[in-house]
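Report on one structure; see the data block that follows.
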Amino acid sequence: MPQACYCYENQPWRSMFVQRNDMISHLNTTRRSLILSRTENISRLLPMQAKKLFKDCCNIFLSGIVTGLTRIMKFLSPSVKLTDEQTQSGLRYIVKESLAGEVMVNLTGGTFLVSMAVFMGASNFQIGLLASLPIFTNVFQLASIWLVHTFNNRRAIAVLTSVVARLALLIIGAIPFVFGKSANVNFLIALLTVHYFFGSLASASWNSWMKDLVPEKTLGQYFSYRTRLMQILSITTSLLVAFFIDFMKVHHPDMVNTAYFVMFLVGSGVGMLGVYLLSKAPEPKAEPDSGKVLTSFQKPLRDRNFRKLIFFNSFWSFALDLAVPFFSVYMMKTIGLPLSYVMAFTILGQLSSISSLKLWGRYTDRYSNKTIIRICAPVYISCIMAMAFTSLPSGQLYSIILLAVINIFSGISTAGINLAVSNIGIKLAPREDAMSYMAVKNIIVSLCAAMAPLLAGMMADYFSHHELEWNFQWQGAHGVTVIQMISLKGLNFFFVIGGLLAMLSLRLLPGIKEQGEVEKDRVVGYMHKRIRSGMRENLVLRSIASYRPGKFSVLLKKRFSEWQ
């Protein structure tokens, strides 16, 4: 009888073991599938939840900004009607804000900005770009017109855009403390672009605001007073900053770069103080314009009289900017004067401008802006063309004396021209469309002014290899005497060309119609009479002061009342 084989497969518990393994395998498979499905669901849900969270945060942030801006706009809303006390208070705040802004500009712009860029290793192209930014960004004043048309709140727009513009300066000042040496000149240019962009928006709304705030009968006196204070502060600030930079270069040369950025920090802080003062000035409510923004841009160009003003102002600015930007370079490179002499001549011109601003402000209000331009422009053109004769071989003393005379008379004449050109634009612009008129004028004039130095720069190499001389020769028994009358070379050509173009631009001035226009000869005669009477009065004042003190005080009060 065959013996039964003991085999594992024949065991009775085999089926139970297999079933158990199958069950475990099935459970593991089910668990893995559940884990995978849950992971997939989580991977799908997490981005959705993150997107939703990010969207909610953005909505909360934007709603907070909108709420804050709405409250600011409401707080800075214009007044329906201003009292005389509110108007005078607002004019005082505007002067204080202008002084703060002048300090900011002196600390963060001009020669010191160029010096800072050179110290950071800027190329010639980058320096040229920095110089052109304030001019080219004026094109964006069109956006400010749209904002004013949309919100009809010029004070709020000017304040908010000024805050953003001056925050950019604060970031520039923080560059060495936050970014170290990693930030380059391109970063500086980008932040300055933001500054000038928002500054142009603030400027356009500010011009329209001032049109309604400043009484028209005292327009010239007010802006001459404001400009006079700004120039005095500009001279003081420039000298202090120049001494500060020179001190740092001598005693702490390794800290010069940091000193430039500290100037930006201080400038932005003073600028923010100016924004606060600007927010305190009231705004008279302007009549809302129901027309389209594009139509408002076309109005100044359709206004024949204002179009003539734009054409004259653009031609005049183009002619001047062919020559005037090269004055300092010419004095240092061609004549060979040190920088201290150049600064002394600049300050001499500014002091002359300050001393004459009150006079021009009174005459622009009494007569007309056109008359002041016709009086001052020939004097200024003569000063520009006289610069071509300062490098004649007659000795450096001759050049210094001639430069001093040129800067004195150019300072006096530019004070009258700048005041009159600015005021005539405000005067000819309709009250309801003042902003669009001034913005369009500023944009066109700025573009023409920006083209002039670029064109002069391209022509400079050509004229540097050409020379024009005009000599008188006298030949006698004792020899030949040559008298050099004209010697044009290099930058001298630009002074003559700029002066001739400026003379041509004056032919456009008679076509502009201004209310209250007075003949030039009548005003000049009155000025001569005032000067002669003033000289006689000074002699009388001295004699009275010596012998009759009582009458001296009476006459002195009378004279001050006339000036006021």
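Note: Cβ is positioned from N, Cα and C throughout, glycine not excepted.
Annotation comment: TrEMBL describes 99-121 (among others) as transmembrane segment.
Among the features that TrEMBL reports, transmembrane segment is placed at 127-149 (among others). Long-range neighbours of the transmembrane segment (127-149) within the same chain, counting only residues 6 or more positions beyond its ends whose Cβ lies under 8 Å from a Cβ of the stretch, are 109, 113-114, 117-118, 157, 161, 189, 192-193, 196-197, 199-205, 208, 286, 289, 293, 296-297, 435-436, 439, 442-443, 446-447, 449-450, 454, 457.
Annotation comment: TrEMBL describes 156-179 (among others) as transmembrane segment. Beyond the transmembrane segment (156-179), the same-chain residues lying 6 or more positions past its ends with a Cβ under 8 Å from any Cβ of the stretch are 69, 72-73, 76-77, 104, 108, 144, 147-148, 187-188, 191-192, 194-199, 201-202, 205-206, 209, 257-258, 261-269, 271-272, 274-275, 278-279.
Annotated transmembrane segment per TrEMBL: 185-209 (among others), in sequence order.
Look at TrEMBL and you will find 229-247 (among others) tagged as transmembrane segment.
What TrEMBL lists as transmembrane segment is 259-278 (among others).
The feature transmembrane segment is assigned by TrEMBL to 309-332 (among others).
Look at TrEMBL and you will find 338-360 (among others) tagged as transmembrane segment. Sequence-distant contacts of the transmembrane segment (338-360) (same chain, at least 6 residues past either end, Cβ-Cβ under 8 Å): 220-221, 224-225, 227-228, 231-232, 234-235, 239, 242, 328, 331-332, 372, 376, 400, 403-404, 407-412, 414-416, 419-420, 563.
The transmembrane segment annotation in TrEMBL covers 372-392 (among others). With a threshold of 8 Å between CB atoms, the same-chain residues lying at least 6 positions outside the transmembrane segment (372-392) that come near it are 320, 323-324, 327, 330-331, 334-335, 360, 363-364, 398-399, 402-403, 406, 409-410, 412-417, 419-421, 424, 484, 486-488, 492, 495-496, 498-499, 502-503, 506, 509, 520, 523-524.
Beyond the transmembrane segment (398-421), the same-chain residues lying 6 or more positions past its ends with a Cβ under 8 Å from any Cβ of the stretch are 220, 223-224, 227, 313, 316, 331, 335, 337, 341, 345-346, 348-357, 360-361, 363-364, 369-370, 372-373, 375-377, 379-380, 382-384, 386-387, 389-392. The transmembrane segment feature in TrEMBL is assigned to 398-421 (among others).
As annotated by TrEMBL, transmembrane segment applies to 442-463 (among others).
The transmembrane segment annotation in TrEMBL covers 483-504 (among others).
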Tertiary contacts of the transmembrane segment (442-463), as residues 6+ beyond its ends and Cβ separation under 8 Å: 128, 132, 135-136, 138-139, 141-142, 203-204, 207, 310, 313-315, 317-323, 325-326, 489-491, 493-494
When counting Cβ pairs under 8 Å to the transmembrane segment (229-247), the leader among 99-121, 185-209, 259-278: 99-121
